[in-house]
Amino acid sequence: MPICEFSATSKSRKIDVHAHVLPKNIPDFQEKFGYPGFVRLDHKEDGTTHMVKDGKLFRVVEPNCFDTETRIADMNRANVNVQCLSTVPVMFSYWAKPADTEIVARFVNDDLLAECQKFPDRLVPLGTLPMNDVQRAVEIFGKRIFFFEIWSPAKKSPEEVKRCVSMGIKGFEVGSHVAEKSLDHRDFWPLYKLTESFKLSTIMPGFCEFFENWGLTTKTPGICEELSVVLFVHPWDMHMWDGRLDKYWMPWLVGMPSETAQAICSVLMGNILVLFPKLKLCFAHGGGAYPQIRGRVSHGWNVRPDLCAGKCKVAPNKLDGLLWTDSLVHDPKALELLINTVGKEHIVLGTDYPFPLGELEVGRVVEEYKPFSAKDREDLLWKNAVKMLDIDENLLFNKDF
């Protein structure tokens, strides 16, 4: 019997932006790199598969997590036209050596692209990046040579930077943090937008200032804004809080919403959406706990600006309308709060397929939300995703149910 079964609530068009996938055959990275912490798959005779980490069972998954034909059958049964596929966060491997994380990321992305090409009108890939070394992350798109981009008329072609996107990747899933670094950390700025040529300013202090004084730029086009690439932020590596989350499935029920709220607050109060207003950040699980604590965060920003408003002079509640989230909140009242936080124009359907904590009746909360008009439902079920991902809807929806 399946761990969980996804079903349909209607025949409405649907684009699910939050669906996970694993490669069917994962190399033994522990053996390859010579240290533990990596996941491998152990396929069992009963049809289940064990995700194994350091010799211990991490999670049981079924073929719909790695077999594309099984996935498509589930999508047909649940009347899902399109899924946006992203890896399971345990595959991020941000804790590993950066060169090794890059190898894992490239393997995951190559497998993801290959599987999506089997059903290009049904599956949209969202890749992964070695976020523990953002320079490597940028080079996943294509190498950029910061030094020559300052003055060379024959600077590197943007087409090379667009290599990965031209292969079909519409965005990247990133973790809610990387070790001690939240998403406002300056190390991530090269991935966000027009950022200072940090390589030069680090190697040769004052060099960039010298050129800028002469009216020459040391700024490089930012990858994600330039290419209209979405960063899908997923909570991961939830802290165990001295063991208090060890039982009752607390890391997933409490840890994940808290982790996502912390990531959103870092982005808002870290000035990221002021510096990079075109950046598309979509947060999983309806933004986690952020809609519930939004008023508290804004109040704290007002009464303790010395602690909260150091980098950003714009109140958080004036910026959260720039955020995107998925719709995975499980409750109509929670959806209403989310709408009042980010706006119904910035919410996209998400299920967390194929895991049991997802929305098993796909689109149920959206379709049963009584204040919605037919247009509102259509927007949340698929049209907002088309806008966020910047995809041609004419290339999709070749499957009628």
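From the backbone N, Cα and C atoms, a Cβ is placed for every residue, glycine too.
Not measured: the values here are computed from a predicted model.
The Zn(2+) binding site annotation in Swiss-Prot covers H18, H20, H234, D352 and is backed by similarity to another entry. Note: H18 (Zn(2+) binding site) has non-local neighbours C84, S86, F232, A284, D326, L328, L349, G350, T351, D352, Y353, G358, i.e. same-chain residues 6+ apart with C-beta under 8 A of its own C-beta.
Swiss-Prot lists R59 with the feature substrate binding site. Over all protein chains present, the Cβ of R59 (substrate binding site) has 15 other Cβ atoms lying within 10 Å.
Compared over the binding-site residues H20, H234, the count of CB atoms lying within 10 A of a residue's CB peaks at H234. Neighbours of the Zn(2+) site: apart from H18, H20, H234, D352, residues of the same chain with C-beta atoms within 8 angstroms of the site's C-beta centroid are A19, S86, E173, A284, D326, L328, G350, T351, Y353, F355, G358. The separation of R59 (substrate binding site) from H20 (Zn(2+) binding site), Cα to Cα, is 14 Å. Rounded to a whole value, the Cα-Cα separation of H234 (Zn(2+) binding site) and R59 (substrate binding site) is 18 Å.
The 10 Å shell around the Cβ of D352 (Zn(2+) binding site) contains 19 further Cβ atoms across the protein chains shown.
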